[in-house]
Amino acid sequence: MSKERIADILLDIGAVTLSPQKPYRYASGILSPIYTDCRLLMSHVKEREEVIDAFEKVLREGVGLQNVDCLAAVASSGIPHAAWLAERIKKPMVYVRKEEKEHGKQNLIEGRLEKNARVVVIEDLVSQGGSSLNAVKAAKAAGAKPTHCVVIFTYQMPKSVEGFKAEGVELIPLTDITTLVKRATAKKIISKEQEGVVLEWTQDTAGWGKKKGFE
């Protein structure tokens, strides 16, 4: 499964939309020419199966199933993909909360994660990498050994690249923003000029809106 095919899926089902001429405003206040909601894959059976096929290929050929003891989903959007994948490859799964529960056992990790287990983190989107890296750190704190993070889509932001490198975890995306904007241009969703505008955002998310005259 190519990066181009995964990018096409995300564009075709509306999981990724591009609006460089009228950017979205995130909850953080940042203006962005791109909006991603990979949760839409849950409602598209054929497309989600293709995505799980791509995940499986990465684990079999890129990581090696013999090197995987457990999958760790990033809550909540990584959970369905990790669950389908864990069933497909017959491996245990856990999921990592954003913060500990305030009741019961106050678990940060739900499920049983064995000491020294080699863990692959599963996520739908990596922007700056915060949620995924929190899952990596939680797995390490629990005595496990996270080795890879496989993600459907990444914005390729420098901060995320540096973060995974610092943790010694390899980030493997099924597709990325560079591939996706090229496919969007080929599909005439955006122009060649707008392709560059979108990519500029990944290098300066905080200042992009002002630089482009939107605020």
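Cβ coordinates come from backbone N, Cα and C, glycine included.
Following the DSSP three-state reduction, the secondary structure of Ser127 (5-phospho-alpha-D-ribose 1-diphosphate binding site) is coil. Under 8 Å, Cβ to Cβ, and six or more positions away along its own chain, Ser127 (5-phospho-alpha-D-ribose 1-diphosphate binding site) finds Thr154, Tyr155, Met157, Ser160. Per TrEMBL, the feature 5-phospho-alpha-D-ribose 1-diphosphate binding site maps to Arg97, Lys98, Lys101, His103, Glu123, Asp124, Leu125, Val126, Ser127, Gln128, Gly129, Gly130, Ser131.
Look at TrEMBL and you will find 50-154 tagged as domain 'Phosphoribosyltransferase'. With DSSP states grouped into helix (H, G, I), strand (E, B) and coil, the domain 'Phosphoribosyltransferase' (50-154) comes out at 40 helix, 30 strand, 35 coil.
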Which residues, sitting 6 or more apart from Gly129 (5-phospho-alpha-D-ribose 1-diphosphate binding site) on the same chain, put a CB under 8 Å from its CB?
-> Met157, Lys159, Ser160, Gly163, Phe164, Leu171
Model confidence for the domain 'Phosphoribosyltransferase' (50-154), as mean pLDDT, reads 94
Does Glu123 (5-phospho-alpha-D-ribose 1-diphosphate binding site) have same-chain partners at least 6 apart in sequence with Cβ under 8 Å from its own Cβ, and which are they?
-> Ala73, Val74, Ser77, Gly78, Ser131, Ser132, Ala135, Cys149, Val150, Val151, Ile152
